[in-house]
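Structure record follows, encoded as structure tokens.
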């Protein structure tokens, strides 16, 4: 562990990588050298980051299989992103979590649809009752005795003095 985090060790690995590259590629005009160097740099960075992380994770974790699987999936996804793929590798656990989330959302939507359907049925029943109450039924004879405005009205013939009591008459005032 100390050897992996040692700066001298890191510099010696980089120096040995550079020496190896220069010995393999003798021609200085090689066009692919920057690409090869960047890929090797990324691989070295992954090596330096993943080995200590996995060692610490395996020591502290109770379930080493899941940790190794997660680390490998993360490394593969990183490499796929570097190459330019948009797809990602997923584990069974992630797929099951997504399926559970989808099923939970579908249940929630079905409950909401059920509530809305129940409310709509209640509204339709209420509208039917209102419609039934508003339907006018033809009546042969209208009983006007229950009308308040028509109770005490007498015609001119029915008045005793044959004079309309509601017509204004002359008013005399005392002085």
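First residue shown is number 1, and so on along the chain.
Keep in mind that glycine also has a Cβ here, set from the backbone N, Cα and C atoms.
For 1-28, the entry in Swiss-Prot reads topological domain 'Lumenal'. As a whole-number mean, the pLDDT of the topological domain 'Lumenal' (1-28) in this prediction is 64.
Here Swiss-Prot flags 8 (among others) as N-linked glycosylation site, drawing on sequence analysis.
As annotated by Swiss-Prot, N-linked glycosylation site applies to 18 (among others).
The transmembrane segment annotation in Swiss-Prot covers 29-51 and rests on sequence analysis.
Marked as topological domain 'Cytoplasmic' by Swiss-Prot on the basis of sequence analysis: 52-175.
The Ca(2+) binding site annotation in Swiss-Prot covers 120, 123. Around residue 120 (Ca(2+) binding site), no same-chain residue six or more apart in sequence has its CB under 8 Å from its CB.
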